Amino acid sequence: SAAALALLLCAGQVIALPVNSPMNKGDTEVMKCIVEVISDTLSKPSPMPVSQECFETLRGDERILSILRHQNLLKELQDLALQGAKERSHQQKKQSSYEDELSEVLEKQNDQAELKEGTEEASSKEAAEKRGDSKEVEKNDEDADGAKPQASLEPPXXXEAEDQTPGEEEAASTHPLASLPSKKRPGAQAEEDHEGPSQGPVDREKGPSAEQGPQAEREEEEEAEAGEKAVPEEEGPRSEAFDSHPSLGYKEMQRGWPQAPAMDGAGKTGAEEAQPPEGKGAREHSRQEEEEETAGAPQGLFRGGKRGEPAQEEEERLSEEWENAKRWSKMDRLAKELTAEKRLQGEEEEEEEEEDPDRSMKLSFRAPAYGFRGPGLQLRRGWRPSSREDSVEAGLPLQVRXYLEEKKEEEGSANRRPEDQELESLSAIEAELEKVAPQLQSLRRG
């Protein structure tokens, strides 16, 4: 048994011993060469050179070559990774620069919008201040108008209306200018009142048996002289008031219309009574409409003395809207009245030419005085240009319409400014985005 155990041990040792084969020899040589290379790299102060045989063995071994190739591949991958990181950082810098540019553009646009809003607010404040000043002037003028004595005009007007003869009525009917209401100053009223009573006794002495033609001509001449005397007094202050504030003069003219029958001369009240039925009905209808509108208007517009506190915002806004609506309605109504009066005047002049040709010649020579006198006389006579049939806005109405058109243009431009700003900002943003879009697409593709 002991011998068997000894044999087994010997057999195991024999089996465990390596067999010298050509492959094992090559591997051992490669290992030795690797050891030499490692020892050479580690012993740099005192290098141990590698033999030429080791170099040849290492270069000829495929395993070493594959390892070296793999190492080169790793280096290449590392280089690619570094390049990608650099490109990414560069792209991020570009994107940040584009974002900064966009933010700067947006900030500039916001600053411009704020500046425009500031200028608009300043302009709106200035306009509001101007409106407040104009309303204060209106209040002062209305207070002064309310203080004027008007009751003294009624007795002479009634006495002269009774003393009028049929000749006077016929003469008054030839003047359609007296049918339109107008507002006069106390100086012209006093002159006409002085002339009215002086004419009364003469008419009573003559009686209805006097001739109607010469009497009518004389009355027309006296009325023309009184108008020429009153015009220089009226043209100075009234033209200044209208030039300084067109809407104020227009309002005063509107306010003076309902009071015209009491303030106009005695001969003119008689002329209104002697008008044909059609013209009189049209005038009464228009006067009733004006009185209804003035009664329905806010009190703060026409009577500044009734306001307990100066300037209420809500009342001012309502009054402005009501004024704008009333102006256009007044212009339309006035145009209709003018056309009706011109028609009546044409018919009456034709009748008078048939009756008295000499008188028609005098009227034709006197007619240009109404056309070239200026806005003062046209307003006092009822605001009616005689030789301009196609323009209702002659004289003062031209200023009124120009003022209204400028006001509407300002309001329209103020409403359009915010919309234009928004459109400009949107177009600028779209242009910037279109510039940036291709660059972003190229970055994404890369």
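Cβ from N, Cα, C; glycine included.
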From GLY167, GLY270, GLY279, GLY304, the one Swiss-Prot labels glycine amide: GLY304
According to Swiss-Prot, the disulfide-paired cysteine of CYS33 among CYS10, CYS54: CYS54
Euclidean distance between Cα atoms of SER319 (phosphoserine) and CYS33 (disulfide bond), Å: 112
Number of helical, extended and coil residues in the compositional bias 'Basic and acidic residues' (319-346), per DSSP: 28 helix, 0 strand, 0 coil
Nearest of the recorded positions (CYS54, SER97, SER319) to SER427 (phosphoserine), judged by Cα-Cα distance: SER97
Distance from CYS54 (disulfide bond) back to SER97 (phosphoserine), taken between C-alpha atoms, in Å: 58
